Amino acid sequence: MFQVQKELASHEAVVVALFEEEKTSSFVQELDKAFEGQLQVLLEEKELSTKKKAISKVHSLGKTDVKRYYFVGLGKKESYTTETLRSALGKTFKTLQAAKVQDAAILLDSFVTEKLDAIDVAHIAAEVQGLGTYELQTYKSDKKDRVELEKFTAITAEDAQEIEAALTVGYVHGRATNSARTLVNMPPNVLTATKLAEYAVELAEKYDMDYKVLEKEEMEELGMGALLAVNQGSIEPPKMIALIYKGKEEWTDVIGFVGKGITYDTGGYSLKPREGMVGMKGDMGGAAAVLGAMEIIGELRPEQNVIAVIPSTDNVVSGTAFKPDDVITSMSGKTIEVLNTDAEGRLALADGITYAKKLGANYLIDVATLTGGVIVALGNHTTGAMTNNEELFEQVLEASMETDESIWQLPIFDRDKERVRNSKFADLNNSPGREGHAVMAGTFIGEFAEDTPWVHLDIAGTSESSGAHDLGPAGATGAMVRTLATLVERFGEE
C-alpha cells in the first residue's frame with residue numbers, strides 16, 4: 001500500500017501543507033508554475049485557507065497529472081505540534097475516504113519543520129490514515145460497500161528506506177488501535193470472556209508468543225478469589241488470560257500489562273440505573289488496549305520482555321452473585337470486604353496484578369475503564385494516572401506525549417491508603433466512598449502492586465467518544481494502545 005518516491009507522478013489526489021507564514025512556500029511555488037499563478041491568486045483571495053485543519057480542494061483541470069490537490073491548513077509554525085498534524089491529517093483522510101480516493105500521495109516535506117522531521121510526519125500520516133478512516137463495525141443486515149485507499153505514496157527527498165520504515169510503524173500502530181476499537185464496540189452477547197480469550201490466543205499464535213488461559217478450576221487452585229467473586233453470578237466462565245512475549249534472551253526487566261476485561265458490567269447487586277448500564281459492553285477497554293499493544297509488539301518485535309494479563313468475566317446479578325458485605329480472599333492472600341459490587345474492576349485487577357507478578361513482571365502498568373470519578377476530575381480527553389514509582393511514570397508520560405494521548409497524574413497519600421485499609425472484617429475494603437473515587441480505586445490496586453514499580457491508567461473517560469472526531473467515529477477510541485506500545489519500544493532509553 002505504501003510507496004516512497006522523490007518526484008510527483010500521476011495520482012488521484014495529492015496532499016500539501018499550508019502554513020500561515022509560508023503561503024508561498026517552495027512547494028506551492030513549484031505547483032503554481034503549472035497553475036500559471038492561479039494558486040497565488042487563490043491564496044490572496046483566501047480561497048486556500050491556512051487556518052488549522054482547514055482543507056481546500058483544487059482541481060488541476062488537466063494542468064498536471066494529478067486530478068485533485070488537497071491543501072491542508074496548519075496555522076502558524078510556532079504552534080505546530082504532532083497533535084495539530086494528527087488532527088489535520090485525520091480530517092484529510094476522512095475527506096479522501098468520502099471522495100472514494102484510491103490512489104493518494106502526500107508531499108511529505110511540505111509538512112516538515114524544525115519541530116517535526118520527515119520520519120515523524122511519515123509515521124503520523126500512516127497511523128492516522130487508519131485511525132481517521134476507521135468505520136464502526138455494525139451488525140446491520142444492509143451492508144454498504146466501502147472504497148479503500150489502495151495506494152499511498154510519500155513524496156520526499158529524504159532516505160526512502162527510513163521513510164518506508166516509519167510508514168510501516170505508523171501503519172501498525174493505527175491498525176492495532178483499530179483492532180482494540182473493534183473489540184470495545186462488540187456487543188456483550190458476542191464478546192464473552194471465552195471469546196476474548198480465543199481472540200488473545202489467535203493473536204499469540206499469529207505472533208509466536210507463549211500464552212496461558214486459566215479456567216475456573218485452575219483459578220480456584222491458585223486462590224484467585226477476587227476475580228472468582230465477580231464471576232459468581234454469571235453463567236459465562238471466567239478467564240485469566242496471559243500473553244508472554246520474549247524479546248530478550250534472558251527473562252529480565254519484564255514489563256507487565258494488566259488490562260481489565262469485564263465484558264459487561266451491570267453493577268451486580270449494587271445495580272446501575274438503566275442509563276448507567278447502557279454502554280457497559282465497553283468495560284473491557286483496558287483489555288482491548290493491552291491486546292492492541294501486544295499486536296504492535298508482535299508485529300514490530302522490540303527487544304523487550306512483556307507480559308499481558310487480562311482477568312475477564314462479566315458482572316451480573318443472580319441468586320449466586322456476590323453481595324455487599326461479603327468478605328473474599330484474593331490471590332495475594334489479602335482479604336477484602338465488599339462494600340460495593342459495582343467496584344468490581346479493581347477486584348479483577350487485584351488478582352491480575354498478583355498473577356502478573358507470579359509470571360515474572362518487574363514493572364506493572366494496569367489499564368482500566370475504572371471510575372466515573374476520573375471523568376468528573378479530568379473529562380473525556382485525559383487519562384488519569386497513579387503510581388508508586390516516579391521513574392516508571394516518567395517513561396509512561398513521555399510515551400503518551402509522543403502519541404498525543406494525554407495523561408495526568410493523581411496523588412496517593414498515606415491517608416488514602418488508610419481509607420482502603422479501613423475495615424473491621426478484612427484487610428481492605430473495595431469502596432471507601434464517593435469522595436476521591438478515582439484516587440481510592442487506584443490506591444486499592446496499588447495495595448497489590450506493593451513494592452513492584454507500578455503505574456495505573458484509568459481510561460474511563462478516554463476509552464470512548466460520544467461523537468465523531470478527527471481520528472475516528474463515535475464509539476471506542478483505542479485509548480492507550482499506542483502509548484503502551486511506545487513505552488515498550490522506548491523502554492530504558494536515556
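Any Cβ shown, glycine's included, is placed from N, Cα and C.
Just so it is clear, the model here is predicted, and its values are computed rather than measured.
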Residue in Asp265, Asp414, Asp416 which Swiss-Prot records at the Mn(2+) 1 site where Asp342, Glu344 also bind:
Asp265
Since Swiss-Prot lists Lys260, Asp265, Glu344 for Mn(2+) 2, which candidate among Asp283, Asp326, Asp351 does it give for that site as well?
Asp283
Would you mind listing, in sequence order, the residues at least six apart from Lys260 (Mn(2+) 2 binding site) in the same chain with a Cβ closer than 8 Å to its Cβ?
Asp283, Met284, Gly285, Gly286, Ala287, Ile310, Pro311, Gly345, Ala348, Leu349, Gly352, Asp366, Val367, Ala368, Thr369, Leu370
Tell me which residues of the chain lie with their Cβ under 8 angstroms from that of Asp265 (Mn(2+) 2 binding site), as long as they are six or more apart in sequence?
Lys272, Met277, Met280, Asp283, Asp314, Asn315, Asp342, Glu344, Gly345
Entry from the active-site residues list Lys272, Arg346 having the most other CB atoms no farther than 10 A:
Arg346
Within 10 Å of the Cβ of Asp342 (Mn(2+) 1 binding site), how many other Cβ atoms can you find? Include all protein chains, please.
19
DSSP state at Arg346 (active site), helix/strand/coil:
helix
